[in-house]
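First comes the structure, then the notes that go with it.
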Amino acid sequence: MGLEKSLFLFSLLVLVLGWVQPSLGGESRESSADKFKRQHMDTEGPSKSSPTYCNQMMKRQGMTKGSCKPVNTFVHEPLEDVQAICSQGQVTCKNGRNNCHKSSSTLRITDCRLKGSSKYPNCDYTTTDSQKHIIIACDGNPYVPVHFDASV
């Protein structure tokens, strides 16, 4: 009887661990392309210039968890238009790699910069709207944006 009980408990343990174990790993790792979309794409953009846009978006998009991301740019154009930049003029990235591309036209963007007096967890940003060319790094198959390099 003791062996049957042990076998039953062991089987139950294996079953429970089979359910619990996948959740122990946490969320699946975010791809570089998905991270680019989360951190830089806001196709709607602010309905009108708002000084609190960056504070709201940086928090909503998870860039103030654990620390305040010092600088970020949001692009207010359709994702397809930004992805198309990957087939436009190739330029050298800031890090020296050759997988960056410059947009052939200017795009609507918002630059967010952490204010000097701001300290985590109270991340406070300046919001600057503009129209500029952007430089993005592209990678993968399909060849898609994975890093925002600069705006010019």
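Please read every residue number as a count from 1 along the shown chain.
From the backbone N, Cα and C atoms, a Cβ is placed for every residue, glycine too.
Disulfide pairing as given by Swiss-Prot: among Cys93, Cys112, Cys100 connects to Cys93. Candidates considered were Cys86, Cys112, Cys123; the recorded disulfide partner of Cys138 in Swiss-Prot is Cys86. Here His147 (active site, proton donor) is positioned 10 angstrom away from Cys93 (disulfide bond), judged by their C-alpha atoms. For the pair Lys35 (substrate binding site) and His147 (active site, proton donor), the C-alpha distance works out to 9 angstrom. The recorded positions near Lys69 (substrate binding site), taking a 10 angstroms Cα-Cα threshold over the set His40, Cys54, Cys100, Cys123, His147, are Cys123. Binding residues for substrate (Lys35, Arg38, Lys69, Pro70, Val71, Asn72, Thr73, Lys94, Arg113) extend across at most 22 Å, taking the greatest CA-CA distance. Spatial neighbours are here defined as Cα atoms within 10 angstroms of one another, and by that definition Cys86 (disulfide bond) has no neighbours among the recorded positions His40, Val71, Thr73, Arg113. Proximity note: of the listed recorded positions (Cys54, Cys68, Cys100, Arg113, Cys138), Cys100, Cys138 have a CA within 10 Å of the CA of His147 (active site, proton donor), given in sequence order.
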